[in-house]
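As given in TrEMBL:
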DNA_BIND  A:26-65  DNA-binding region
BINDING   A:G100, A:A101, A:G102, A:N103, A:L104, A:G105  NAD(+) binding site
DOMAIN    A:89-190  domain 'CoA-binding'
Protein chains: 2
Amino acid sequence: MPDNKAVVKTGNEKSISPAVIKRLPRYYRYLGDLLKNDVVRISSKELSQRMNVTASQIRQDLNNFGGFGQQGYGYNVEYLYNEMGKILGLDRTNNIIIVGAGNLGQALANNQDFDSNGFKIIGLFDVNPRLIGMTVRGVEVYDIDMLETFLKEHEVMIAALTLPKSKAVKVAEQLVDLGIKALWNFAPVDLHFSEDILVENVHLAESIMTLSYRIHSQNQ
Amino acid sequence: MPDNKAVVKTGNEKSISPAVIKRLPRYYRYLGDLLKNDVVRISSKELSQRMNVTASQIRQDLNNFGGFGQQGYGYNVEYLYNEMGKILGLDRTNNIIIVGAGNLGQALANNQDFDSNGFKIIGLFDVNPRLIGMTVRGVEVYDIDMLETFLKEHEVMIAALTLPKSKAVKVAEQLVDLGIKALWNFAPVDLHFSEDILVENVHLAESIMTLSYRIHSQNQ
């Protein structure tokens, strides 16, 4: 097995295109499924058929991180899965807080996919007294006024924003002031911070509009 | 005001790149915000500054649909907002059902952004007897066994899948058999259908992994 760890850690990732980055979790998911089905190795051709992408794209994507394949052998599934996990930062525990404990915040807290991938939700926050004090899958909902204290006592990697648009910008600014470096934003608003603050948006309304566009342009 | 309606309806959209399509809802959101703030017209330069894209990109994107701007005048906000809405199919009512009435399904049903954009959630479906019969913002949760009857009686444009991975594929196949043409899939699985079935995925675990990748590659 080639030792690609050195390549993985050179920091080359910084120049990797967003399109490649977006595809990495999908590789990770497919490799995880293969692993669960006790598949030991897979050729790029087989993997490409399952994933419905070209074998050449798979090879190109993985070459960004040093390759991982061996001519005539293909990919060792467990090794590639673990390496992909390291690349995605899933070999560490990534503590998450969720700000906004309504349905969407609770849906995230209830999503078991996150646990198995190194993400750990350690607190929910809300302004609503009816929600404060309840627990979701063992995770407590705190008063949003407790944010500062909580963030002093816990190392939090990511804050999810599941708040109404009207509150999201102010709360995001507060979180950044308190040292949060990565925001997973579900509010339908763009957040503007300096480059060292990472923002990943999940704009649900935009996703369904894209679908609506495709439906109606097809019908025309 | 130029009459671009003829251009909009030629079916040219089919050749428009997915990247452009993904940006359309964001234009629509910004234009809606401008309209709410009583802005009557805006130059591509001003719009580009607000949206943090280049003015040339805005002009190129909008030229896919025939333009809409007038030299020296810029864009009429209300006109462009309405035209963009038509392009996105938001000038019609798009009936939606949600299959899976857990937290995520309820979060979607509670999301008021959809109403104002022509989307109408007309039913939730679940297998859980504790959920069946309850209502979410006035929308009833039906037994999933009622799907066939319901779809015969209602014109449904989109089915949202907020189900566990283990059930999503089977339910999606059932929905397609019953005539559904567009799936908004939240389950962490790829759905494979013929080309006339549109699938828009919201893979939350993949979104947060992308964020995790960016955090850890930055720190290396």
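Residue 1 is the first one shown; counting continues down the chain.
Backbone N, Cα and C define each Cβ position, glycine as well.
These numbers come from a predicted model, not from an experiment.
The Cβ of A:L104 has fewer other Cβ atoms within 10 Å than any other of the binding-site residues A:A101, A:L104. Candidate binding-site residues: A:G100, A:G102, A:G105. Fewest other C-beta atoms within 10 angstroms, A:G102. Residues belonging to the domain 'CoA-binding' (A:89-190) score a mean pLDDT of 95 in the model. In sequence order, the binding-site residues near chain B (CB to CB under 8 A) are A:G102, A:L104, out of A:G100, A:A101, A:G102, A:L104. Secondary structure by DSSP for the DNA-binding region (A:26-65): 28 helix, 2 strand, 10 coil.
Packing around A:N103 (NAD(+) binding site) is summarised by its Cβ count: 20 other Cβ atoms lie within 10 angstroms of its Cβ, all protein chains included.
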